[in-house]
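Chemist: Handing you this structure, nothing more for now.
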Amino acid sequence: MSILGKIQRTQPLILNLANFLTPQRVADVISFIGASPLMTSEIAELESLVEISDAVVVNIGTISESTYPLFLEACRLANQKAKPLILDPVAVNVPFRASIVKRLSQEVKFNIIRGNSAEIAWFADKKSLNKGIDALESNIDNEHARLAAKKTGAVIIETGKVDIISKGHEEMYVDTDSPLFKINVGCGDMLTAVVGTFAAVSDDLFTAAYEATKFFGEAGMIATKQVQNLPGNFVNSLLDTLYQATQEIK
């Protein structure tokens, strides 16, 4: 059975520590592909929520010193309970966020890390020509993804013109870029949520990361054509395309 088929059959529960810009889009994409989204900002309920969840996705896009204990506890519990732990390290090359991720990484192990070229370069201890959430590097170079995977022990997804999925000694590539992904804030967050959903039902996280990235990218290409390269309706079309794909396998 395909990973998407397993999602339809098991309807996994995905716990998200989302940033406050895109929680609705993240919840929608998880729901539209057949899983159940769950979010919290309360540390007291984390143990019970992680216990019933099938994966934990953390996004540092709006993290603060006051919310750090929530993130640390969610990650710690995910490791303790052997739940896939997925990180979206938004703008990790900014000093405060870098310090947050360094502290988290000293305490927990992330299973999958999804970021753009600048963010993944940070994990590889390399500098990128680009900054923050809008890195635009177009060359296909797996060096940073491979180094990041070796240093972190995580499966790395480096998104860009061509997406690179690496586990340190092997890479797969997804060539499904759309310019509308960059214009619409939150598409990266949505992809990370899809990756978490695929990871929730798969024992092979490398394959799950690749299949999720490919699935999301192909839907983006279809949606781009449907909206004739106009960004305003892109996310709605993307969600509809993802939903239709899940219905076709039922």
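Cβ coordinates come from backbone N, Cα and C, glycine included.
So Swiss-Prot lists the following for this protein:
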- Met39, Gly186: substrate binding site (BINDING)
- Arg114, Thr159: ATP binding site (BINDING)
Chemist: In angstrom units, rounded to an integer, how far apart are the Cα atoms of Gly186 (substrate binding site) and Thr159 (ATP binding site)?
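Modeler: Cα-Cα, rounded: 14 Å.
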Chemist: Gly186 (substrate binding site) has how many other Cβ neighbours within 10 Å of its own Cβ?
Modeler: 20
Chemist: May I ask you to report the DSSP-based helix, strand or coil state of Gly186 (substrate binding site)?
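Modeler: Its secondary structure by DSSP: coil.
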Chemist: Taking the Cβ of Met39 (substrate binding site) as the centre, how many other Cβ atoms fall within a 10 Å radius?
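Modeler: Its Cβ shell of radius 10 Å holds 14 other Cβ atoms.
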Chemist: If you measure Arg114 (ATP binding site) to Met39 (substrate binding site) at Cα, how many Å is it?
Modeler: 19
Chemist: Roughly how many Å lie between the Cα atoms of Thr159 (ATP binding site) and Met39 (substrate binding site), rounded to a whole value?
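Modeler: For Thr159 (ATP binding site) versus Met39 (substrate binding site), the Cα atoms are 25 Å apart.
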Chemist: Quick one: give me the count of other CB atoms within 10 A of the CB of Thr159 (ATP binding site).
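Modeler: Total other Cβ atoms inside 10 Å, all chains included: 26.
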